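Below you'll find the structure, written out as structure tokens, and then a few comments.
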Amino acid sequence: GCGKLTGVSNPITIRASGSRFGSWMTDTMTPSADSRVWYMDGYYKGRRVLEFRSLTDFVSGQNFVQHLLPHPWAGTGHVVFNGSLYYNKFQSNVAVRYHFRSRSVLVQRSLAGAGYNNTFPYSWGGFSDIDFMVDENGLWVVYTSNQNAGNIVVSRLDPLTLEVLRSWDTGYPKRSAGESFMICGVLYVTNSHLAGAKIYFAYATNTSSYEYTDIPFHNQYSHISMLDYNPRERVLYTWNNGHQVVYNVTLFHVIKTDGE
């Protein structure tokens, strides 16, 4: 069941590899027997995606296949959802859906008005203007535009067509955010990508309302360039200064009784 984020565990370092910036993930919607890991080093003009057979293989750096994307990526806000990689095409506000099994782009679509090329990145820069994420409710994208005065916009996407189904203006300035992630329809925002960061702001899409939070978040290696929730595993994946790290999350569940 869904719940409100109340705590984040201490970081668990899985591996130290790659450059200072990058992203890594598992599929957010496959059966638990599928434990493949995807790895995308760097934030700028990359095209090489490594697919490891399991977390054990990822830790040892063995047993992987390479995918060469037809279009290079920008930023680190990629996500793997139901066998496809969703990412921002370099030097554009185009969202791309790349299907791993057929090794082909199934759809690409421009996010109308969305800033790109470090117009509205997170505080760490790195072409992080457009950030895809998945939670219990499906596929989302976070970005902003001049029309929204640089405040974070969160949009629900159709995973097949990449059409925007609905958008919310959170009112939070994107350049002041370290990173963000979705859990149960709520966008959580950190106030920094550096040491001392905390989860500072939460925007609930179901009520179109926000609140300020104070959830400690131990940033062990002092430079986070990717932060994503995986609803299948209930963990946060991060790339922190060349370290691939996970955090367990604590969700508070409100139990309703028959009398309510």
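Every residue number used here counts from 1 along the chain in the order it is shown.
Quick reminder: no glycine exception, Cβ is built from N, Cα and C everywhere.
Record features (TrEMBL):
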DISULFID  Cys2-Cys184  disulfide bond
DOMAIN    1-253  domain 'Olfactomedin-like'
By Cβ count within 10 Å, point out the most packed of the disulfide-bonded residues listed: Cys2, Cys184.
Cys184
Can you tell me the mean pLDDT for the domain 'Olfactomedin-like' (1-253)?
97
